[in-house]
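J.: In case it's useful when we look at the structure, here is the feature table from Swiss-Prot:
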type	residues	note
MOD_RES	Ala2	N-acetylalanine
REGION	156-176	region 'Disordered'
TRANSMEM	50-70	transmembrane segment
TRANSMEM	75-95	transmembrane segment
TRANSMEM	96-116	transmembrane segment
Amino acid sequence: MATATDRAPHQVQVHTPTTQRVDVPRRGYDVSGGGIKTLLPERGPSTSQIIAVLVGVPTGGTLLLLSGLSLLGTIIGLAIATPVFIFFSPVIVPAVVTIGLAVTGILTAGACGLTGLMSLSWMINFIRQVHGTTVPDQLDSVKRRMADMADYVGQKTKDAGQEIQTKAQDVKRSSS
């Protein structure tokens, strides 16, 4: 059996750190040396972006000003109206409840009417699907029946005219 002294010695390689260093780029800094310029786009903004800014900033500013004025007016109005509401609350509360109930009733009636119309529309569409005919098909059928009836009436009128003519000739022959 082989012992540890019989074996050839093993060589172990040890790697020492090299002088090369991997730099992790930090935010806002480019290793290539471009500095802050690398953060900027290579070309300027497009014409549509410039127009959007020129239109958007004044419009947004105006709307912000109007919303601020609206908020200010609401706060002033609430500050003035609060004592009035407290003073007249025995009258205002029942009036608000009455108006609220009336509006709720009107909206409920409208919703019920709309639901009824939708149900009627659904039933009509369901019946059309059950019968397998649609309005254009029914109109074509009615047109064909009207044309057939017109042909029939025309033929009957022609037959009646010939019969009258035949009888008139018979009367003329018998009287001569």
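Even glycines carry a Cβ here, placed using N, Cα and C.
Looking at the shown structure, can you explain where the listed features end up?
T.: Cβ atoms under 8 Å from those of the region 'Disordered' (156-176) belong to no residue of the same chain, restricted to positions at least 6 beyond its ends.
Counting same-chain residues at least six beyond the ends of the transmembrane segment (50-70), none has a Cβ under 8 angstroms from any Cβ of the stretch.
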J.: What does DSSP give as the helix, strand and coil breakdown of the region 'Disordered' (156-176)?
T.: 20 helix, 0 strand, 1 coil
